[in-house]
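> Here's a structure for you.
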2 protein chains.
Amino acid sequence: MSTPNRFKVTVVGSGNWGTTTAKIVAENVAIHTNVFDPEVRMWVFEEVLDGEKLSEIINTRHENIKYLPGVKLPSNLIAVPDLVSAVEGSQLLVFNVPHQFLSRICKQLKGHISSKVRAISCLKGLEVDDQGVRLLSDYITGELGIHCGVLSGANLAPEVALEKYSETTIAYPLPENHYPGDATGETWQMLFHRPYFHVRVVNDIAGVSIAGALKNVVALAAGFVEGKGWGENAKAAIMRRGIIEMIKFCKIFFNKNEIETFTQESAGIADLITTCAAGRNVRVGSEMARSGRSVEEVEAELLNGQSAQGMVTAKEIHSLLENKGLLDEFPLLEITYQMAFNGYDIDNLPAFFEKIR
Amino acid sequence: MSTPNRFKVTVVGSGNWGTTTAKIVAENVAIHTNVFDPEVRMWVFEEVLDGEKLSEIINTRHENIKYLPGVKLPSNLIAVPDLVSAVEGSQLLVFNVPHQFLSRICKQLKGHISSKVRAISCLKGLEVDDQGVRLLSDYITGELGIHCGVLSGANLAPEVALEKYSETTIAYPLPENHYPGDATGETWQMLFHRPYFHVRVVNDIAGVSIAGALKNVVALAAGFVEGKGWGENAKAAIMRRGIIEMIKFCKIFFNKNEIETFTQESAGIADLITTCAAGRNVRVGSEMARSGRSVEEVEAELLNGQSAQGMVTAKEIHSLLENKGLLDEFPLLEITYQMAFNGYDIDNLPAFFEKIR
């Protein structure tokens, strides 16, 4: 049976979350063979491990021994170390790299991608500069000229990789230049929905992106409180204020007010809960508060030298709010920055909240 | 200086949460002596411990050694074993007993309380019978003829007792028969707000009550999932669905739709988070799922023979929904009942959620 118009898919990124999403996608294209090309490519930043190339290890042993050890990958998932070859001919791209690599990747891809290509960003973060703030999906659209949605949810990667039940949210409104045969929200749902990974599709790209970015700052604050031994009530109070400021951030900077994204979707409240329960940022914040050690020391110990995204985002948000004269509007985000970078004493938090209630 | 119209306060109940709220109230009346009578009475269900009466222990040693050991109580907090004497002459009553004692207490108090008295209920639960469902505060109003608000929040009692930072929500709309000098939301806030216990006052009694009751069912489900080892993503997914069904329950049964109560107040999302992190019900559910033991065995081991409120509430909600033909509208609440009482296999949960998405 000929199926000429099947979507070819590439996952750009192969960290633990990148590899996990590539596994999911590869499982699904093998089922929905009338919709997708049955081979999925994953761009791998090449590394040599004990004399062997990581891409070759993945392609022969079907395991990403560096970033997702112990998890069997589907054999229709092909690691490709050259970025441009990896995306060549693909209609659907899944971006899943750390935020700091995005700009270089876009530069490399520029000119190699048709405007008919569609993308989903799994990145967490925001693009902040002197002009203001931009969503990473908008950044991708700006750099590559392709429509880009987002995927975010209560998705601790190690749990999803082990096929423990999770939910996620995909935001994918149709683009203005939608064409016959073009991908829709349903296409992306088919690509990601698994019996252990349930997908809901919404239109609110800003809400999903902002929840995914700001949760890391809130988790840092939750960690500070946890590390001080304040308990679950205080942690929940931080999260409650976090949700409120996320909603406000979305409204002020993106003029969007779909609060259901935050209160009812996995990308909102559920992701915040998961992230504050066991994510990297809460662990870093907790250990900083407990031990009094610097973020660098704690990151070196807990994250193998990787960085806690919440620290970066807290700093960016602070400079954004300062530029815009809006520090007072986001007391939790700002006080988290002050605790993280300026030695603001966490013990003052209750008195601070008293003042701003 | 004469202060003739000061509110006299009685706390009805002296379990761990009852004693903790009595401590808070006693601390506050000692500060706001122009508003409150400086002595607070606490009704104690009398018990004899090693030959000594609990009420006498509390009044001499200023410690509830049975239900809140290790926490010093203010000396202006007076334990009174006779219920009617305890409330005599008080204008403000704080009800804080286990749900199952409420009916007997109301019977004893009937006829001894002026209709000018005001109350706050700290109870968790709902009154379900063949007619339908009633809030406990409405039950108190019905039995005693007094206006009654509610207090609920992310308040694990042991943490609040140790003065770890917490927030709470008081719902207290003014009654129709409000009179000059009558208590207001501000009065209750003054009575409960502490540097370590921040109070926000709202009008939505139904929302605050329902969140406080249903969270225990959701926590049971979160416990089942936790006990199966499914991880944080799955637990957060349960909580996300829980919030949605709480909001729906409030709308269908009480025709109220103030979703901010659930999404922005301590009594809503924050309490659910705290309860699912470390409350009794999540611990019981988790241990049941882990060990396969019966609820009775687990309660005996974990709760000193006290019961997990979520089990009782799950059963009541099930019979309510069945009566009203609404089982399909609340899939999480119903499946939790089935898992708790009818041996529904937790492993079927993802497939179940798939069907109802």
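Glycine residues also receive a Cβ, built from the backbone N, Cα and C atoms like all the rest.
Here's the feature list from TrEMBL:
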- B:K215: active site, proton acceptor (ACT_SITE)
- B:G13, B:S14, B:G15, B:N16, B:W17, B:G18, B:F45, B:F101, B:A157, B:R280, B:Q309: NAD(+) binding site (BINDING)
- B:K124, B:R280, B:N281: substrate binding site (BINDING)
- B:8-173: domain 'Glycerol-3-phosphate dehydrogenase NAD-dependent N-terminal' (DOMAIN)
- B:204-349: domain 'Glycerol-3-phosphate dehydrogenase NAD-dependent C-terminal' (DOMAIN)
> Could you tell me the mean pLDDT the prediction assigns to the domain 'Glycerol-3-phosphate dehydrogenase NAD-dependent N-terminal' (B:8-173)?
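That region's mean pLDDT is 97.
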> In the domain 'Glycerol-3-phosphate dehydrogenase NAD-dependent C-terminal' (B:204-349), how many residues does DSSP call helix, how many strand, and how many coil?
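Going by DSSP assignments, the domain 'Glycerol-3-phosphate dehydrogenase NAD-dependent C-terminal' (B:204-349) contains 119 helix, 0 strand, 27 coil.
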> Starting from the Cβ centroid of B:K124, B:R280, B:N281, the recorded substrate site, name every other residue in that chain with its Cβ within 8 Å, sequence order please.
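Sorted by sequence, the hits are B:K215, B:N216, B:A219, B:T275, B:G279, B:A308, B:Q309, B:G310.
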> Listed binding-site residues are B:G13, B:G15, B:W17, B:F45, B:A157, B:Q309; which of them have CA atoms within 10 A of the CA of B:K124 (substrate binding site)?
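If one measures from the Cα of B:K124 (substrate binding site), the binding-site residues that come within 10 Å are B:Q309.
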> Go through B:G13, B:G15, the listed binding-site residues, and name the one with the sparsest Cβ surroundings, counting other Cβ atoms within 10 Å.
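Each of the binding-site residues B:G13, B:G15 was scored; lowest Cβ tally within 10 Å is B:G15.
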> Using DSSP and collapsing to three states, where does B:K124 (substrate binding site) fall: helix, strand or coil?
coil
> Could you round the CA separation between B:R280 (substrate binding site) and B:F45 (NAD(+) binding site) to a whole angstrom and send it over?
22
> By Cβ count within 10 Å, point out the most packed of the binding-site residues listed: B:W17, B:F45.
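Neighbour-count leader: B:W17.
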> Going by Cα-Cα distance, which of the recorded positions (B:G13, B:F45, B:A157, B:K215, B:Q309) sits nearest to B:N281 (substrate binding site)?
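The smallest Cα gap between B:N281 (substrate binding site) and any of the recorded positions is with B:Q309.
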> Determine, to the nearest whole angstrom, how far the Cα atom of B:Q309 (NAD(+) binding site) is from the Cα atom of the residue listed as 'active site, proton acceptor'.
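Distance between the two Cα atoms comes out at 10 Å.
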> Three-state secondary structure of B:F45 (NAD(+) binding site) from DSSP?
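Looking at the DSSP assignment, B:F45 (NAD(+) binding site) belongs to neither helix nor strand, so coil.
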